[in-house]
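Colleague: Got a structure for you, questions after.
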Amino acid sequence: MGLLKGLLGARNLLLVILVPLLLLPLLILHPSSEASCAYVLIVTAVYWVSEAVPLGAAALVPAFLYPFFGVLRSSEVAAEYFKNTTLLLVGVICVAAAVEKWNLHKRIALRMVIMAGAKPGMLLLCFMCCTTLLSMWLSNTSTTAMVMPIVEAVLQELVGTEDEQLVAANANTEETEPISLGANNSQPSLELIFVNEDTSTADFTSLMQNKNLNGVPAITNSIQTANPRGKKRRSSREKPLVLTPSPRKQELSRKYPSQHDQMICKCLSLSISYAATIGGLTTIIGTSTSLIFLEHFNNQYPAAEVVNFGTWFLFSFPISLIMLVVSWLWMHWLFLGCNFKETCSLSKKKKTKREELSEKRIQEEYDKLGDISYPEMVTGFFFVLMTVLWFTREPGFVPGWDSFFEKKGYRTDATVSLFLGFLLFLIPAKKPRFGKKDEGEPEEPSLGSEPIITWKDFQKTMPWEIVILVGGGYALASGSKSSGLSTWIGHQMLSLSSLPPWAVSLLACILVSIVTEFVSNPATITIFLPILCSLSETLRINPLYTLIPVTMCISFAVMLPVGNPPNAIVFSYGHCQIKDMVKAGLGVNVIGLVIVTVAINTWGVSLFHLDTFPVWAEVSNITDQA
């Protein structure tokens, strides 16, 4: 037994050692460049799927094995790890860091909730819209972690009055203590939580500390920020990382006043994860998977000037809008029933006492933010300006501002984000004042020369692991192309040539939707992109016909807590069980798959000219064969 436990404890180390050794016959039996590249690809893929080593560390395997086997020179591999998309991500993270530091996202979220009121149906729609909007620009994980504490505080007011809280507190004397909503009379503060997107779910349990947030173990890092306006703001700037609770706490069932209240908690909690996924689809910077797709596509087809921020948004925004409405209807029907008239009424006369208390609580939290501060206004302006500049660079239907320059094609979306991000390091957080201060005017706290964001703020938000992971994917793709492995894989798939393009695309989407439930999204798309490119070129299908829907469907890992970090965060709050996630997530998955398939075969065809095999794909195919 002791030996077995020791082997299980060292299983990751054994996997790291045994996988390369077991694959050595491939190199011995087939001593070729294609076999060497396949060896590196399989080893890296196994490391990614099993997470025997961190994703970023596994992405470094091609950096030393490709030169070792003579697939690529070391300088060629190194060039793949830092691309244009990396610079785009750096600029976006600068703006995101400013948004998070000055609580602009919390102000937006609370304002939208106040507008919706406390009716369950409208509250559900409001939280989903708010989460979708934030997730367009912030990572899905950060958005979920920021919104969930607000949802939890609202639920505590929505499902229990003060009398119910006292009853729940008395119930704690029983032998088996249930986790009760609002067991304490004190109101919990709304903590902001930040987690790098695509952090492996297994990493959550390794960070448990003594601090407890709404019954969830958490680790906190204090971030000191100044208040330039001197208004009353939150005294605590702790930003805890929500972690998966211990198995014992997961087994305990929460106590709810009624079955209806339990359904409300399940519905609102799960909807946050789904809305974050929907919002991430909308923009090319919304998720790491879309960034990986963009850089791989531009690297594989440099002559294709088809996909940019504007064209992606035009294609994905209708998808996100339709998915948001249909998913809301699905969640409402599944957990709240079909009584939309009662749950979505905006009439003040029909509000219950609990709903009035909930609205009062939300208003109090919003009032704590004080008046909008100067840094918030600057950050909001830069946020809007960056979006406008992205849209107008190359809108497609009219000449963009890039056409004003003599040399075309030198400026990308990364140019805009980097320029604006750089300015945030220079603009002071204290509003500049000209002239003398009026008598009697309160003295504002001095911030010195502190800018809107500092380098420490940027470092805390920048997901460096994703940068290395993306670079490893580019290195694998480059090696597959130069060694001829991608061409060989494409020839093995000629049997699919009898299928129509829409069927090939649908099969690919179904396959990745299943795989991504158990494998991380970045690892899944990094493995599948080179294969799909070779398949499309071999079958003479526009590569975008398969790449775009597959990129979107990879994000639909919403059925299990291990699917992605947002799922783990929602699950850690204890409102829903795995069977609830599977049941609701299956519906959202099917909804997304159907809508994406319809979209790519309707307005996607005219937007990306998918009915023809493009010249830029012809050129790439000829280059690969050469």
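Placed from the backbone N, Cα and C atoms, the Cβ positions cover glycine too.
Remember, it's a predicted structure, so these values are computed and weren't measured experimentally.
So TrEMBL has the following annotated:
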- 221-255: region 'Disordered' (REGION)
- 12-29: transmembrane segment (TRANSMEM)
- 36-69: transmembrane segment (TRANSMEM)
- 81-99: transmembrane segment (TRANSMEM)
- 120-138: transmembrane segment (TRANSMEM)
- 272-294: transmembrane segment (TRANSMEM)
- 306-331: transmembrane segment (TRANSMEM)
- 372-391: transmembrane segment (TRANSMEM)
- 412-429: transmembrane segment (TRANSMEM)
- 502-532: transmembrane segment (TRANSMEM)
- 544-564: transmembrane segment (TRANSMEM)
- 584-603: transmembrane segment (TRANSMEM)
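Structural setting of the listed features?
Modeller: Sequence-distant contacts of the transmembrane segment (12-29) (same chain, six or more residues past either end, CB-CB distance under 8 Å): 35-36, 38-39, 42-43, 46-47, 50, 52-53, 69.
Away from its own ends, the transmembrane segment (36-69) comes close to residues 11-13, 15-16, 19-20, 23, 26-27, 77-78, 81, 198, 200, 202, 464-466, 468-473, 475-476, 479-480, 483, 485, 518-520, 522-523, 526-527 of its chain (Cβ-Cβ under 8 Å, at least six residues beyond either end).
Counting same-chain residues at least six beyond the ends of the transmembrane segment (272-294), those with a Cβ under 8 angstroms from any Cβ of the stretch are 85, 88-89, 92, 127-137, 139-141, 143-144, 147-148, 151, 197-198, 307-309, 312-313, 316-317, 319-320, 323-324, 327, 331, 413, 463, 466, 469-470, 473, 521-522, 524-526, 529, 547-548, 551-552, 554-556, 558, 564, 566-567, 569-570, 584-585, 588.
Nonlocal intrachain contacts for the transmembrane segment (306-331), taken as residues 6+ away from its ends with a CB within less than 8 angstroms of a stretch CB, comprise 124-125, 128-129, 132, 267, 270-271, 274-275, 278-279, 281-285, 290, 294, 297-298, 390-391, 393-396, 412-413, 544, 548, 552, 584, 587-588, 591-592, 595-596, 599, 603-604, 607-608, 614, 616.
With a threshold of 8 Å between CB atoms, the same-chain residues lying at least 6 positions outside the transmembrane segment (502-532) that come near it are 45, 48-49, 51, 55, 198, 200, 287-289, 292-293, 296, 466, 469-470, 472-473, 476-477, 480-481, 486, 489, 496, 539, 541, 543, 545-547, 549-551, 553-557, 559-560, 562-564, 589, 593, 596-597, 600-601.
If you look at the transmembrane segment (584-603), the same-chain residues 6 or more away from its ends with a CB under 8 A from one of its CBs are 270, 274, 277, 315, 318-319, 322-323, 326-327, 330-331, 334-335, 502, 505-506, 509-510, 513, 545, 548-549, 552-553, 556, 558-560, 563, 610.
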Colleague: Count the Cβ pairs between the transmembrane segment (412-429) and the transmembrane segment (544-564) that lie under 8 angstroms and are 6 or more residues apart in sequence, then report whether there are at least 3.
Modeller: no
Colleague: So if I exclude everything within five residues of the ends of the transmembrane segment (544-564), which remaining residues of that chain have a CB under 8 angstroms from its CBs? That is, six or more out.
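Modeller: Residues 140-141, 198, 201, 244, 273-274, 277, 280-281, 287, 289-290, 293, 297, 306-307, 315-316, 319, 501, 504-505, 508-509, 512-513, 516-518, 520-521, 524-525, 528-529, 532-533, 535-536, 571, 578, 581-582, 585-586, 588-589, 592-593, 596-597, 599-600, 604, 608, 610 contact the transmembrane segment (544-564) from elsewhere in the chain.
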